[in-house]
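Worksheet: one structure, shown below.
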Amino acid sequence: TLSSPFFLPFTSTGAFQYLQTRTEGTLRSLSRALQFLSIEFLWTLVAEILRFCTGEEMAGSVDMVGGGGRSEKVKVAATCLLLAAVGISLWGLYFGDGEAKQWRGMLRRKKKKAIRVYMDGCFDMMHYGHCNALRQARALGDELVVGVVSDAEIIANKGPPVTPHHERMVMVKAVKWVDEVIADAPYAITEEFMKKLFEEHSIDYIIHGDDPCVLPDGTDAYALAKKAGRYKQIKRTEGVSTTDIVGRMLLCTRERSVSETRQSHSSLQRQFSHGHSQKFEEGGTGSGTRVSHFLPTSRRIVQFSNGKGPGPHARIVYIDGAFDLFHAGHVEILRIARGLGDFLLVGIHNDQTVSAKRGTHRPIMNLHERSLSVLACRYVDEVIIGAPWEISKDMITTFNISSVVHGTVAENNDFEKEESNPYAVPISMGIFKVLDSPLDITTTTIIKRIVSNNEAYQKRNEKKSQSERRYYEDKTHVSGD
């Protein structure tokens, strides 16, 4: 039978919907014919086994059922074998060829030891580049264990982190490719820690990206893992890094007063969300900010998507926002929202809408970057890329939305005072609900952390940007991502 093509142009799952041709009827008919042949073979096999065990001549598979004059032991043996033969045949008839293969595959997987891989990182201001690295690492094994480096280790090796350890733990645990998390991991893989990974956590391989990770003394942080033959490498995600994102915010604080009077609103918004300024283009160093090389592709969206729509009777919960600088506050409200239904649909506003509502230098990250960060969250089932600011009755009907939710901690909590309340329709329908936000964190909170410690982050970025530049100057193609 042919499955009908189904396309959702503005959703992540839309990328998954391809036309597939299946010939189930023919395959099932062939499978059942083979099963009937196997029944005939099993009857013959039973007869041969009985003749071998008893030394008696048997007339054939039909006489075997009558069996008059044979010993009770032979009758019992025959009955057991017949029941087994019939049971196996019926099982084969009930399950198609595909289902039988799945059962065999499950049995083989149970016997086979799971390959456990380990990846560590600071995961400061976690972004879609981190998530893509974890996705690639997970693909190299069956279970992914992630080590989150402690605040003290980051300060000693890189400079002050923007997000504290407990927030970084929330972020990493929420990534859908992560199976386990180790807190306060060391920055470098030492002999002692590597032994702990192998013996206590049953790790088979240690994973890192193709960009060098050098300690303050100039040595490779993964030298011991490489020497042990337990190291595997993945491809670095192009176009984003924590250094790049921090640089965008430093650019914002430095140029806000001058640029708003000299450049147009659209020009500023475009510069900031792409991570560069006129000074950088003219050859200046800026604050370690480089031009963003992020190139969104349909394949990347497919890799991050779940590829599954809601069931026919699923309760669909909708929540929208900018989700700029995706942080622990976002993760926690998404977790609560997901618990209210069977399917969580997240609307992500486009760059122009965010800029109009939040100010000239917003968003920090562009629409595609923000969409990938949200898609990587295990609580999210689907995203609408470029969702409308106002939720209409038509939209609620189209996506079969059961409830619309909003957190108490958000940057647009004055929506009720606006002339056109974006939630007016769901409120009138009685499906709108305000949720208590577990964490008092917003995108502005993150930006203020950078601003309040501007000098320290400026120095950190200038140092880090040198290695970033060297990586892009010397990089070669790495296949597979």
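Backbone N, Cα and C define each Cβ position, glycine as well.
Copied over from TrEMBL, here are the features:
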{"type": "COMPBIAS", "residues": "264-275", "note": "compositional bias 'Polar residues'"}
{"type": "DOMAIN", "residues": "118-247", "note": "domain 'Cytidyltransferase-like'"}
{"type": "DOMAIN", "residues": "318-448", "note": "domain 'Cytidyltransferase-like'"}
{"type": "REGION", "residues": "260-289", "note": "region 'Disordered'"}
{"type": "REGION", "residues": "458-481", "note": "region 'Disordered'"}
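Helix first, then strand, then coil: DSSP counts for the domain 'Cytidyltransferase-like' (118-247) stand at 48 helix, 29 strand, 53 coil. With helix defined as DSSP H, G or I and strand as E or B, the domain 'Cytidyltransferase-like' (318-448) counts 48 helix, 29 strand, 54 coil.
Averaged over the domain 'Cytidyltransferase-like' (118-247), the predicted model reaches a pLDDT of 92.
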